[in-house]
Amino acid sequence: LIKTFRQRSTFHIYMMNLAISDLLCCLTLPLRVVYYVNKGHWYFGDFLCRISSYALYVNLYCSIFFMMAMSCTRFIAIVFPVQNLKLVSERKAKIICACIWIFICATSSPFLMSGTKEVGNKTKCFEPPSGTDTRKLVILNYFSLVVGFSIPFLVILICYTGMIWTLMVNSGSMKKQKSMQTKAIRMICIVMAAFLISFMPYHIQRTLHLHFLMKKGSSCDDIVYMQKSVVITLCLAAGNSCFDPM
C-alpha cells in the first residue's frame, strides 16, 4: 500500500481506509493485553478506557463495511465490466469511505459513555454493565448485529456468489485462463471463510452473553466462563486485521 500510495483506483482507496482503521485499532490492543494479563485491573485511566473500547468497535465495523464496499467493487468489475467505468470512480469511493467513517463513528459513540469502575480493590474496564444499562446494551447489540454484521454479510455473500457464477459461466478452454479463474474462485472462498471466522463467533457469543447477564441466579463459574468465551471470540474479531485481503 505504501509503494502504491499514488495510485488512484477505487479498490486502493478502500484498502487504504481499511489499513488506517486496522492501525488505529492495533494501537489500543496492547492496553487490552496488559489489562487481561493483570487479571482485570486497569492502570491507564478513564479516558484511555473509553477510547480503547470505542476504537475497537469503530475498527470492527469499519472493517466490515470497507470489505462490503470492496466486494461490491469487485462484483461490478467482474459481472458488469462495461458499466464498471460509469458506476465506479475515485470520487464515489472517497464519498463512500467518508460516509462509512461518519456513520460508524456516530453509531459507535455509546461506547464512549462506558468508562472505568471500581470493583473491590481493582479498577475495571471493558466490563459489561448491569441493570437497565444491560437492556440498553442489548438493544445496541441487536442493532449492530443486523446493520453491522448480517446485512453486510448478505451483501458480500451475494456479490461473491455472483462473481463465482460469472467466472464459471465465462470459463474458457485455455488452461491458463482456467487456472486464473480457479485461483480467483479459491481466493473468494478464502475471503468469505476469513470473514465468517473473524466476525460470526463474536457476534453470536456477545448476544448469548448479554442475554445470560439478564438472567438471574447465574453461578459465578458460569459468569466467568461466559466472560472468557467473549474474550476469545473478541480476539478472533480483532484478528481480522491479519486476515484482511491485502
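From the backbone N, Cα and C atoms, a Cβ is placed for every residue, glycine too.
Just so you know, TrEMBL annotations are computer predictions that nobody has curated.
According to TrEMBL, the feature domain 'G-protein coupled receptors family 1 profile' maps to 1-246. For 12-34, 54-81, 93-113, 139-163, 184-204, the entry in TrEMBL reads transmembrane segment.
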Report summary line: Given 12-34, 54-81, 93-113, the one sharing the most C-beta pairs under 8 Å with the transmembrane segment (139-163) is 54-81
**Report entry** Model confidence over the domain 'G-protein coupled receptors family 1 profile' (1-246) (mean pLDDT, whole number)
**Finding:** 84
Report task. Could you tell me what the rest of the chain brings near the transmembrane segment (184-204), counting residues at least six beyond its ends with Cβ under 8 Å? Result -> 60, 64, 67, 71, 144-145, 149, 153, 156-157, 160, 163-164, 167-168, 230, 233-234, 236-237, 239-240, 243, 245
